[in-house]
Amino acid sequence: MEVVGGEVDYTFVIQKSLVLLLCVVLSWKMIVYMCNLLKIEKEPIRVLVTGAAGNIGYAISPMIARGMMLGQDQPMILHLLDIEPASKSLEAVKMELQDSAFPLLHGVFATTNIDEACKGVNIAIMIGGFARKEGMERRDVMSKNAVIFKAQASALERYASDDCKVLVVANPANTNALILKEFAPSIPEENITCLTRLDHNRAQARLAEKLSVPVSSVKNVIVWGNHSSTQYPDSNHATVSTKTGDQPVRELLVADQKWLKNEFSTEVQQRGAEILRARRQSSALSAASAACDHIHDWFLGTPKGSWVSMGVCSDGSYGIAPGLVYSFPVICEKGSWKIVQGLSIDEFSREKMDDSARELAEEKALAYSCLNV
Ligand SMILES: NC(=O)c1ccc[n+]([C@@H]2O[C@H](COP(=O)([O-])OP(=O)(O)OC[C@H]3O[C@@H](n4cnc5c(N)ncnc54)[C@H](O)[C@@H]3O)[C@@H](O)[C@H]2O)c1
């Protein structure tokens, strides 16, 4: 403290206090300014949902609008597409979304015109397709979907945003994605994926039930291959988080090796059929939720130390023919995915993985022959 001639210099003290106060006020103002800057609302992302009047479309639209897919700070504009016979139901979906007053939903655009639907979209969730009817040949179903996906690929190619990311849900999902990739060459192939997350989630849930643990404590199951009954749900690398750290599922279920090898896979593979029998309609809620999970993790990243299953274009990893759209374990970061490398594959797994790859190669040949490629 300044002391002049044995006395305290109050003018000096007041001056110092004022300067200090000014610094505090300025710093506070800067903090508030920075916070406001960070709070600036993000630009809305345009999300296309095809088959929006259908079962999954009806379930997924409110999930997206509530922020389950892109996070609670990301506004969006929904582009809903369906075909002319479903136009009234489509309009009803739009009205219900508007009436829900979702704060993040900045607009809903419903149309039966594929070109209009694709304009400027950043994310495309392709749910609409031709469903197999009783007595129909596999070739006929493949042919109808190949034609649909070829046309939709061209529309995305022409009208979607350059950075558009695509998730194919409609079956046969892997091969529909492959056709889309072939006929939309300007969309980077890493931006075209298909949904196997439902199977992944089912596998995780089945293990959690068997072990009587919360589903969130199970991680790193894998679904390899096709989204069909040849898919291979693999528990070999799955772990459960316990108080003493992560423990391999195989060690915890050491007395259930037969169950892990057989029933576990069959139950996951047949879960869709089981729901269809019970509900007389195919799974919609869990499929919609899985599609949200897929995009969520792709955009916002997978949690550290865990991976998810995604149908992606094979680069030859694990001996799977390059070019097939195959389900692999992937890690996502900053909007990109990469296949988890270096996992040990036993003989049993190898056989199952190859069976599914073989089926995909056959589907590819069938689709190409339908399109005369
Ligand atoms: N990959 C997966 O995990 C998974 C899971 C469940 C269902 N699926 C598949 O998802 C698809 C949709 O299932 P759903 O239960 O919603 O079926 P749905 O029959 O209830 O709905 C399909 C909708 O797509 C529309 N549609 C048909 N052709 C179209 C086109 N060319 N363009 C736009 N819309 C079109 C239909 O009018 C209908 O509204 C099916 O192919 C189903 O097999 C995939």
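Heads up, the Cβ atoms here are built off N, Cα and C, so glycines get one too.
Just so it is clear, the model here is predicted, and its values are computed rather than measured.
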According to TrEMBL, which candidate in Asp73, Asp82, Asp199 joins Gly51, Ala52, Ala53, Gly54, Asn55, Ile56, Gly57, Asn145, Val169, Ala170, Asn171 at the NAD(+) site: Asp82
Surrounding CB atoms that lie within 10 Å of the CB of Asn145 (NAD(+) binding site), all protein chains: 23
Length of the line joining the Cα atoms of Ala53 (NAD(+) binding site) and His227 (active site, proton acceptor), in Å: 23
Alpha-carbon spacing, Gly51 (NAD(+) binding site) to Asn171 (substrate binding site), which is rounded to whole Å: 12
Pairwise C-alpha maximum, in angstrom, for the residues (Gly51, Ala52, Ala53, Gly54, Asn55, Ile56, Gly57, Asp82, Asn145, Val169, Ala170, Asn171) that bind NAD(+) according to the record: 18
Sparsest Cβ surroundings (other CB atoms within 10 Å) among the binding-site residues Asn55, Asn171: Asn55
Entries of Arg138, Asn171, Arg202, His227 which, being recorded positions, have CA atoms within 10 angstroms of Asn145 (NAD(+) binding site): Asn171
